[in-house]
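A quick write-up on the structure given underneath.
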Amino acid sequence: MSGMRTLGEFIVEKQADFPHASGDLSSLLASIRLAAKIVNREINAAGLGDITGAVGTENVQGEAQQKLDVYANDKFKAALEARDQVCGVASEEEDEAVAFNKELNQNAKYVVLMDPLDGSSNIDVNVSVGTIFSIYRRVSPIGTPATEEDFLQPGHKQVAAGYVIYGSSTMLVYTTGNGVNGFTYDPSIGSFCLSHENMMIPEDGKIYSINEGNYIRFPQGVKKYIKYCQENVPEDGRPYTSRYIGSLVADFHRNLLKGGIYLYPSTQSHPQGKLRLLYECNPMAFLIEQAGGIASDGVNRIMDIKPTELHQRVPFFVGSKNMVRKVEEFLELHRDEE
C-alpha cells in the first residue's frame, strides 16, 4: 500500500477545502480511528483470551451483552471523551445518553451515536463484525451538558457517519456529505490507507439479504418481493442470489461494493422492526445516499424520520436504488393484505 494516502492525510486534505474549518471534526474522526485500531487488535486475538462470549448482562433492548460489546463500548467512549470535541455519546450498550462532564467537553459542539460492535454474537464463530457511528452538531447551548435533544435529530442533520468492518481485512468507510471513501488498515504501518475512493453502489443489483428464517412472519409485500427475487427470469437477471451474514455492517458492505438490497422488515414479533434508527439505520442511510442508493422504512426516507426515543426501532430497506424502489412497490401493492 506504499504511496497511498492515509486516513489522517485524507482528512487533512479535505479540511483544507474549507478555509474556515476549525479542525474539530477532523480530530473527532481521529478519535474514532484510534478506538477502531484498539478494538481491531482485541478482535484479532479474541480466540486466544477470555474476551469472547456473554458477560451475563443485557442491554436496554434485552439482548445479551457480549464481552467484546462492553470492551468496544468502553474504548470508543474513552477515545471520544479524551479529545474534547464531543460533549456526549449515545450507544446501543447504554440505557441513556452519556453527557461528558469535563468543561472542555461541555464546550464541544458534536455528539456521537454508535453501535460499538454490531454482530458481536458472531465473534465466537469468526464472522465479520463492525462498528457503526453517526455524528451530529449539538442543538443545546455550548458550555452546558449534552441533553437528549442533541441526539434526537433526524438523519438528514448528520454531519458525518461511517462504519468499521473487522473482517479478512479491517476497513473504515465514512462520509461527511461529500461522497463515500473507504480505508483499509495496514498493520505493517499501523494506518488506515485509502483503498476505495468515491464508492458508488450500482443502481441495480443481484443480491438480496434477509433472514428468510422469519419468512412466515414477514409482511405480505416482503413475501411477494422475495418470491420475485427467486423467479427464473434470465432476461431480467433473476433469480437473484440470497446472501445473509447476520451482521448489518458485513451485509451492507458487500452490497455497497457489488450492488444489492438489505432488508429487515417489521415482523409479527417486532412490528416496528428490529434495527435502531439512530445508530444503525441513519448512519447507513447517510452512507448509501452518498453512494447513490436509497434507504427506506418501506414508505418514508429513513433520514426524514423524526426520532422520539433513543433506542427507537424502524423497518429497514437499504441498497441499490432500483431494488429498494421495487420492494416499496410490493409493500404498497399488498399493504391491505396484512
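Just so it is clear, glycine is given a Cβ too, placed from its N, Cα and C backbone atoms.
According to Swiss-Prot, the residue from Lys223, Lys274 that belongs to the substrate site alongside Asp118, Gly119, Ser120, Ser121, Asn211, Tyr244, Tyr262, Leu263, Tyr264 is Lys274. Record note: Swiss-Prot gives Asp115, Asp118 as Mg(2+) 2-binding, and the candidate from Glu235, Glu280, Glu289 in that site is Glu280. Among the candidates Glu92, Glu93, Glu94, Glu96, the one that Swiss-Prot lists alongside Asp115, Leu117 as binding Mg(2+) 1 is Glu92. Cα-Cα distances to Glu280 (Mg(2+) 2 binding site) place Asp115 within 10 Å, out of the binding-site residues Asp115, Asn211, Tyr262. Here the binding-site residues are Ser120, Asn211, and the one whose Cβ sees the fewest other Cβ atoms within 10 Å is Asn211. Proximity note: of the listed binding-site residues (Ser120, Asn211, Tyr262, Tyr264), none has a CA within 10 Å of the CA of Glu92 (Mg(2+) 1 binding site). A separation of roughly 17 Å, to the nearest angstrom, links the Cα atoms of Asp115 (Mg(2+) 1 binding site) and Tyr264 (substrate binding site).
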